[in-house]
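Please read the structure below before turning to the comments.
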Amino acid sequence: MEKKTLTLAPGFTPLPITKTPQRSIVFAQILVLLITFSAYASFHASRKPPSIVKSVLGPQNPSNESTVSEFGRNSSLIHTGWAPFDGESGTHRLGELDLAFLSAYSIGMFFSGHIGDRIDLRVFLVFGMFGSGISTVVFGLGYWWKVHTLGFFLVVQIVSGLFQSTGWPCVVAVVGNWFGKSKRGLIMGIWNSHTSVGNILGSVIASSVLEFGWGWSFVLPGLFIILVGIFVFMFLIVNPEDAGFESPGKEIEMNSQVESMEKTVNVEEEAAGLLQSESSDSVAAIGFLEAWRLPGLAPYAFCLFFSKLVAYTFLYWLPFYIRHTAVAGVHLSHKTAGILSTVFDVGGAFGGISAGYISDRIEARAVTSIIFLFFSIPALIVYRVYGSISMHINIGLMFLSGFLVNGPYSLITTAVAADLGTQSLIKGNSRALATVTAIIDGTGSVGAALGPLLTGYISTRGWNSVFFMLILAICFAGFFLIHLAKSEIRSKMSEGKWIWKDRAGG
């Protein structure tokens, strides 16, 4: 199909190569993946600094500081905390800081999805990136402004959370517009590694400049997301139609309605009721309450509530935990702890890709998620008990924990959300995707806000209590998917797919 004139991406206008009809949709899809990958990686990079500076702002390690590792020894000895986070209730205040950000993020998520379905996603995404960058820089300026008022940091985190909430519904909606259901789990599993890549970038950047003052750990990631936002504004194409292509989602929906998601959850009666309320040619954005009625949305949303509680507890507290837990009898420096925590994110990237691939192969998202959740329980127990024996054991167990914890989290926020938002039940209404994504991730973000807050209080009683909380949350996450997993197993067993698919070369 011949390409139409581009109107939504000004960066393409002066480039003659983009006007040639030889450009394929594959090239455009790769470009969209790279741009949205960069966009959300920068969101996470700017979200990471608070976890890196926790050990600098908060109460110092009560253990003998002479056991700090040689890497960054001198810088570790000069930090005495930063009021109002350096007192006995410092960890509580740090937890409240996380709560302020994540509460605003979760509330903003619901509104962002609603708005994103109704305006230009590219402009809305860039707006959120610029706002996130500016608010991150302002937080860092508190270092040079000598701010010691809790209210200042809380307000900045609330504003930052609202801006950050625009990112996820936008990027998932754009990717959902460009890709159909074929190999969606694998594609989005690879693409969703942007969260881990962003966390790693944010950790490395924030840790590398920490010795020059914790303010730099915020300023540099803030400037980074602003620069990426300019790139997104210039080159992101939201819909295939804007580039003169037919939407892959529509074509696949017509050829694979029999394998759509409502079949695996056995909700024919619900589907019939909802279909009566939709016009067959509707392209209007789906309503908030109406979206909650979609089959499978509520179980996945509440599963993500607990999955994200676990993932974000590690996101915001792992460097602090490493700093305050001796490894082979040695307490690591602030800088070393921050960099070492990236191992969890590396494992998370591989876990997301593996979960997506497995779910594509067995065609069962809920079963895949439960498998990862089940094995993550002993992984966390072993990491807590044996992670302090040596650095190599700590790294290996941290990688394994990240692999298993982030697998279902990644799968639900990407492939599952896209499945629910583009299922044939809503007749290819792609404008529902941002709303569905926002509901799932918004619900999960409530759990994300709760986990770090509880950790700030529970950690004062000992880290065993924190790990017990995480394991309990994982059990609840799996509980919400049991019914869906049973339906998937019954469906695939009745079709004989899991028995004969590989032998038949399918």
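Cβ coordinates come from backbone N, Cα and C, glycine included.
What TrEMBL says about this protein:
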type     : residues : note
DOMAIN   : 24-490   : domain 'Major facilitator superfamily (MFS) profile'
TRANSMEM : 25-43    : transmembrane segment
TRANSMEM : 99-116   : transmembrane segment
TRANSMEM : 123-145  : transmembrane segment
TRANSMEM : 151-179  : transmembrane segment
TRANSMEM : 216-238  : transmembrane segment
TRANSMEM : 297-318  : transmembrane segment
TRANSMEM : 338-359  : transmembrane segment
TRANSMEM : 366-386  : transmembrane segment
TRANSMEM : 398-420  : transmembrane segment
TRANSMEM : 432-454  : transmembrane segment
TRANSMEM : 466-485  : transmembrane segment
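Between the transmembrane segment (123-145) and the stretches 151-179, 216-238, 366-386, 466-485, Cβ pairs under 8 Å are most numerous for 216-238. Confidence across the domain 'Major facilitator superfamily (MFS) profile' (24-490), taken as the mean pLDDT and rounded to a whole number, stands at 82. Contact between the transmembrane segment (25-43) and the transmembrane segment (366-386) is not supported, since fewer than 3 Cβ pairs fall under 8 Å when only residues 6 or more apart in sequence are counted. The transmembrane segment (338-359) and the transmembrane segment (99-116) are not in contact, since fewer than 3 Cβ pairs between them lie under 8 Å (pairs 6 or more apart in sequence). Here the transmembrane segment (297-318) lies next to the transmembrane segment (466-485) in space: the count of CB pairs under 8 Å, restricted to residues six or more apart, reaches at least 3.
The transmembrane segment (99-116) is not in contact with the transmembrane segment (398-420), judged by fewer than 3 CB-CB distances under 8 Å for residue pairs 6 or more apart in sequence. A contact between the transmembrane segment (466-485) and the transmembrane segment (151-179) is absent, since fewer than 3 of their C-beta pairs, 6 or more residues apart, lie under 8 Å.
Highest Cβ pair count under 8 Å relative to the transmembrane segment (432-454), across stretches 151-179, 216-238, 366-386, 398-420: 151-179.
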